[in-house]
Amino acid sequence: MVTKKSKKAWPWLWFSVLVILLDQLSKYLANHFLSLGHPVKILPFLNFTLNYNTGAAFSFLGTENGWQIIFFAAISFVVSIFLILWLSRTSRSEIMMLLGLSLIIGGALGNFIDRLRWSYVTDFIDFHIKDWHFATFNVADSAICVGVFLLIVHMLLTPSSKP
């Protein structure tokens, strides 16, 4: 169903801006109050541990000599432009799709800002079970994951118009 699109979908970009602001504020606080590599226990399964990631998710390509920073920044920018265009063409009634796109855009641009400013992304959220630690991540990464999840759920729940 395509109704009330374009201009009416643009306010969802303000939600992306909110995600960017929360991400950048959390990274500022992490850099201000945490020490690199020294975990601070928050809950039995959660630490805040400052980490600088020059790669992508799970530090993919993080040990390369620097080309990956430009590569991942470019991908973040291009994907964000594509998603903004998609958002502008999405029906205002498709709330789950709009929310998912907004979260992904905000997360991608939050990490894009880090790559441009510092040549790395600040990660600090460290989930663990005893001595097993999941990859350290940040608010932008969380927004991207939740956004992708919402898009998948939306696509699974929305009937296809094709026979």
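Just so it is clear, glycine is given a Cβ too, placed from its N, Cα and C backbone atoms.
Copied over from Swiss-Prot, here are the features:
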- ASP123: active site (ACT_SITE)
- ASP141: active site (ACT_SITE)
- 9-29: transmembrane segment (TRANSMEM)
- 42-62: transmembrane segment (TRANSMEM)
- 67-87: transmembrane segment (TRANSMEM)
- 93-113: transmembrane segment (TRANSMEM)
- 137-157: transmembrane segment (TRANSMEM)
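Taking CA atoms as the reference points, ASP123 (active site) and ASP141 (active site) are 9 Å apart. Residue density at ASP123 (active site): 23 other Cβ atoms are found within 10 A of its Cβ, drawing on all protein chains shown. With a cut-off of 8 Å on Cβ pairs spaced 6 or more residues apart, the transmembrane segment (137-157) and the transmembrane segment (67-87) reach fewer than 3 such pairs and are scored as not touching.
Tertiary neighbourhood of the transmembrane segment (67-87): same-chain residues 9-10, 12-13, 54-56, 61, 98, 101-102, 104-105, 108-109, 111-112, 115-116, 119-120, selected by CB-CB distance under 8 Å and a gap of 6+ residues from either end.
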